[in-house]
Structure formats: structure tokens, C-alpha cells
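Feature annotations, courtesy of Swiss-Prot:
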type	residues	note
CROSSLNK	Lys21	SUMO2 cross-link
COILED	40-69	coiled coil
REGION	87-126	region 'Disordered'
CROSSLNK	Lys129	SUMO2 cross-link
REGION	272-319	region 'Disordered'
MOD_RES	Ser280	phosphoserine
COMPBIAS	295-305	compositional bias 'Polar residues'
MOD_RES	Ser298	phosphoserine
COILED	367-407	coiled coil
MOD_RES	Lys418	N6-acetyllysine
Amino acid sequence: MSELKDCPLQFHDFKSVDHLKVCPRYTAVLARSEDDGIGIEELDTLQLELETLLSSASRRLRVLEAETQILTDWQDKKGDRRFLKLGRDHELGAPPKHGKPKKQKLEGKAGHGPGPGPGRPKSKNLQPKIQEYEFTDDPIDVPRIPKNDAPNRFWASVEPYCADITSEEVRTLEELLKPPEDEAEHYKIPPLGKHYSQRWAQEDLLEEQKDGARAAAVADKKKGLMGPLTELDTKDVDALLKKSEAQHEQPEDGCPFGALTQRLLQALVEENIISPMEDSPIPDMSGKESGADGASTSPRNQNKPFSVPHTKSLESRIKEELIAQGLLESEDRPAEDSEDEVLAELRKRQAELKALSAHNRTKKHDLLRLAKEEVSRQELRQRVRMADNEVMDAFRKIMAARQKKRTPTKKEKDQAWKTLKERESILKLLDG
């Protein structure tokens with residue numbers, strides 16, 4: 001029982017952390033399923049709660065380590081004391097058992113006369129041994145609370161926005177104000193290319209020609225004639241396309257009038273919807289008349305195209321007249337002026353880009369002006385700090401002179417007044 005009373009253990013009572021109160025977000029996340037996951041807005045709260053749990057766990061761990069160290073030291077000290085006790089009994093009980101120490105005592109008395117007793121040197125020799133086994137109780141290490149680094153991280157993130165403006169930052173602003181070399185490239189409108197139908201027709205024709213050339217090459221290989229692939233040139237493709245367009249422009253009925261003339265006549269002639277020509281009765285012609293007209297309406301004459309002179313000039317004249325009246329747009333206008341949805345949207349975005357660039361340039365000019373003003377103020381604030389140091393030095397000199405019970409010299413007073421006036425002038429410049 002005495003050993004238990006002498007035990008230095010404190011038996012700390014560890015209080016468990018209430019997760020529902022201290023860590024509600026952590027408890028809610030644990031209660032979720034794996035499919036729900038964790039949101040980005042919850043990470044900061046989770047970090048703080050996990051730091052709280054880590055600090056409490058480390059606190060308990062340090063207290064347990066301290067208790068373990070105390071118990072180990074106590075056991076070592078207890079064993080050393082038992083060893084010391086046995087050593088003392090052995091040293092004190094050894095002289096009566098052996099005869100040699102008595103002879104040494106007699107020789108010492110006969111040779112040296114009265115002197116210090118024989119037991120005193122032994123006591124001197126035992127004292128250092130006792131000092132070797134002396135132990136001092138180490139104080140219990142109080143567990144240190146882990147350092148909260150959140151304020152330091154916060155001020156480190158805020159410092160760049162509150163620090164003094166440097167000359168490099170001003171130089172960066174000046175470089176940003178320089179117009180970029182490729183600024184004009186953003187406002188160029190690319191020329192209008194070929195229509196997609198023409199481009200696709202050209203690509204399809206090229207593809208067909210390549211396939212035909214490959215098929216011909218395969219046939220030549222079968223016959224034993226090895227020849228290179230013949231690819232159609234782009235100019236040949238354009239010539240073929242123009243030829244096909246010219247062929248398609250000619251109507252099947254062989255009408256010599258142009259497309260514009262036909263459209264104009266179709267717009268002017270009223271169509272008889274009630275009685276179409278297919279249902280209209282065909283009048284009977286007499287045999288003579290039919291015989292006379294038979295030569296003109298023979299099948300051989302129907303295949304020949306109907307020829308009318310000056311159809312091209314008529315087509316161009318009608319076109320000019322319609323353009324003059326404003327009923328038809330001129331095709332001589334450059335392609336850049338042709339308005340379409342893509343061009344309108346492109347010009348709209350270019351106008352927005354110009355307005356935004358002008359706004360940004362204005363703000364950069366204002367920012368550069370404010371930065372230069374702030375740099376000059378920083379220099380004044382630096383001069384104020386230097387003036388404050390000079391004023392404090394003059395004040396210390398005057399106070400040292402008063403402590404020594406001597407009046408300050410005229411030089412010291414003049415220096416103090418001079419530094420004060422300089423400081424006031426700098427403050428006026430800073431406030432102005």
C-alpha cells in the first residue's frame with residue numbers, strides 16, 4: 001500500500017470530444033452515403049473540425065506519454081534506492097568478518113600516532129557514490145496546444161494586397177498600356193469565300209475523279225500496265241463546273257430569253273388557275289389548214305430551238321432598269337458590303353471589343369496615375385519614419401542630460417527643433 005501511495009502518477013481524466021456539438025459537419029458527412037460526396041463549400045468547415053479532433057488527440061497522446069515517462073523514472077529510482085541500501089549494508093558489515101582491516105588499523109595507530117579515525121576515509125569515499133545515485137524529480141511536461149496557423153496563413157494571403165507598391169509593378173502597368181502589335185488583326189474582316197454549294201461540288205468532283213483514277217489504276221494493274229495515278233487539277237475542276245452551270249442555265253425547252261426576262265414575264269402574266277390549259281378543248285382544224293401548218297409544227301421543227309435576236313442586250317437592259325428603279329440590288333458592289341448574319345454579328349462583337357478595350361485602357365491609365373501617387377506617398381512616409389527616429393534620438397539626448405542634472409546644450413536644442421520642423425513639413429506634404 002505504501003508503494004501505491006508513493007506512486008507519482010496523476011491519472012488524468014480524459015474528456016471525449018462531443019462530435020455532435022463540436023464537429024457537426026464531420027458527423028453529417030460520416031452519416032452520408034458514398035454516392036453523396038462532399039461539396040466544395042464544406043471543405044473549410046471540415047478542415048477546422050478535423051484540426052480540432054487532431055489537437056484533442058495529440059493532447060491526450062502527450063499526457064499519456066508524460067505519464068509513461070513518470071512511471072518509468074519512478075521504477076528506475078526505486079531500483080536505484082534498493083541498490084544503494086544493499087551497497088551501504090555491504091560496506092558497513094564487511095570489517096568484522098575479515099581480519100586484514102584490523103591489522104591496518106593497528107599499523108596506522110603505531111606508525112602515525114593519533115589522527116583521524118579509520119572510518120572517516122571510508123565515509124569520504126562513500127559520499128561521491130551517493131551523489132552519483134541522486135535523482136531529481138523532473139517536472140511533468142504540460143502538453144502544448146498545437147499552434148493554430150490559420151491567422152498566419154490569412155495575413156500571408158492579405159499581405160500582397162497591402163504591401164508597398166514597387167517600381168517593377170509600375171513598370172508592368174506601363175507595359176500593359178502599350179498597344180499590342182496584333183491589335184489590328186482582331187478588327188480585320190476576312191474576305192467572303194466561295195459558297196458552300198460550290199465548294200462542296202468541287203470537293204465531290206475531285207473525290208469522284210480520284211476514285212475513278214484509282215479504279216482505272218486497278219484495272220491497269222490487272223492488265224499488267226503500271227501507270228501513275230492521274231489526279232484532276234483544280235483549274236480543270238473549275239472549268240468543268242462552269243461548263244455544267246452553263247449547260248444547266250439553258251432551259252430544256254430551248255427558250256432564248258434570259259432568266260431575268262422569264263421571271264419578269266411570269267410576274268406580269270396572270271395564270272389561269274380555274275381552267276388550266278390541259279383541260280381546255282383543242283379546236284378542230286380543217287384539213288387544209290392542218291396541212292398548211294403541218295410543215296411548221298412538224299416533230300422535226302419542234303426539236304429546233306426558237307431563235308430571237310438581241311436577247312442578251314434585252315436581258316442586260318431589263319437588269320439595268322430594275323436596278324435603277326431599286327427593285328433589284330446591284331451585283332457590282334464589293335463583297336465586303338454584302339450584309340449577312342455572320343458579318344453583322346462579327347461587326348457587333350468588334351464594336352463591343354473596341355468599347356471594352358477603351359474602358360480597360362482608361363482604367364489602366366487611372367491605375368497607373370494612382371500607383372505613381374502612392375509611390376510618392378510611400379517616399380514621404382519613409383521620410384516621416386526617418387524624421388521620427390531623429391526626433392526620438394534628440395529626445396533621448398535631452399532626457400539623458402536631465403537625468404544627469406545638467407541643462408541641454410544649445411546645439412542639442414537646435415537639433416531637436418530642426419528635426420521637429422522637418423517632420424511637420426513632411427506631414428504637411430503627406431496630408432496635402
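Heads up, the Cβ atoms here are built off N, Cα and C, so glycines get one too.
If you take the Cα of Lys418 (N6-acetyllysine) and the Cα of Lys21 (SUMO2 cross-link), they are about 64 angstrom apart, rounded to a whole number. Per-residue pLDDT, averaged across the coiled coil (367-407), gives 90. Beyond the ends of the coiled coil (367-407), by six or more residues, the same chain brings 164-165, 167, 169-170, 173-174, 177, 413, 415-416, 419-420, 422-423, 426-427, 429-430 to within a C-beta distance below 8 angstroms of the stretch. Secondary structure at Lys21 (SUMO2 cross-link), as computed by DSSP, is helix. Its Cβ taken as reference, Lys21 (SUMO2 cross-link) is surrounded by 8 other Cβ atoms within 10 Å in the chains shown. Its own atom aside, the Cβ of Lys418 (N6-acetyllysine) has 12 Cβ atoms within 10 angstroms in the protein chains shown.
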